[in-house]
Amino acid sequence: MKAYVFPGQGAQFTGMGKDLYETNPAAKALFDRADEILGFKLSQVMFEGTADEQKQTNVTQPAIFLHSVAIALTSDAFHPDMVAGHSLGEFSALVANKALSFEDGLQLVSKRAAAMQHACELKPSTMAAILALEDKVVEDICASIEGEIVVAANYNCPGQLVISGSSKGIDLACEKLRAAGAKHAMHLQVGGAFHSPLMEPAREELAAAIEATTFNKPICPVYQNATAAPAIEIAEIKKNLIAQLTAPVRWTQSVQHMVKDGATSFIECGPKKVLQGLVKKINPGVEARSL
């Protein structure tokens, strides 16, 4: 069975999607439509923008979404048995499996980015990647940081866990994690503490936008970050999308569940090969490639 997977923030680069735009008329139409919906030339920032411009949440999220969705929707080879997306990628997955229209998906991603950006501005916060420690060790050290919010945010693959929290809390946690034997405990270049309780201020705004959006029954199950389980019912999909803001991305568990349910081939729809690498670390026996 084929599982199509969609990346989140961090996969962007200057020139992303330009080949697709120039060689695929159907993809070009989606890029042009996105520029129109957003009211600014997202395609121009993707093709020519600086790294700093592309790091801004209100640019990065729609850009990754647009590129991933354009790959999936314009490919004759896209025939999913199941889909999943990493963080933001969950919205791309829901457009690809017909639960959301392209227009509605893009508008939700744009509103999500704005709400998250606002939440980030309320308190200095960040994320850090931790390598070569057991999940339980990382979780226990995060819980031991007093007076600061620090939580496990992305279970990417065995031995790779991203933590999220206040800037001070992350500094303290990284110090303790290095002392505990982490091979790597390094801050990520992100706007704030995604997938942590510090995103709570964005929750109401995103929930209102999701509830006001028309969802359709998907053509195949989506394995959602908050539960690492398949969902097909609209009410459940919406609930998990809202929960995702403040809950960890359970990517390791999602891939394991998809394999258990019959996935033998993981096909990434996105600008790089980030998820393929994670999938192979989670289960070396499956095929992992790009669309």
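All residue numbers here begin at 1 and follow the chain in the order shown.
In case you wondered, yes, glycine gets a Cβ from its N, Cα and C as well.
TrEMBL: automatically predicted annotations, no manual curation.
TrEMBL annotations:
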ACT_SITE  Ser87  active site
ACT_SITE  His195  active site
DOMAIN    5-291  domain 'Malonyl-CoA:ACP transacylase (MAT)'
Quiz prompt | Spatial separation of His195 (active site) from Ser87 (active site) - C-alpha basis, Å | solution = 8
Practice problem: Using a 10 Å cut-off, grab the number of neighbouring Cβ atoms around the Cβ of His195 (active site), all chains included. | Solution: 24
Self-check item: Whole-number mean of pLDDT values that fall within the domain 'Malonyl-CoA:ACP transacylase (MAT)' (5-291)
Solution: 95
Exercise. Take the Cβ of Ser87 (active site) and count every other Cβ within 10 Å, whichever protein chain it belongs to.
Key: 22
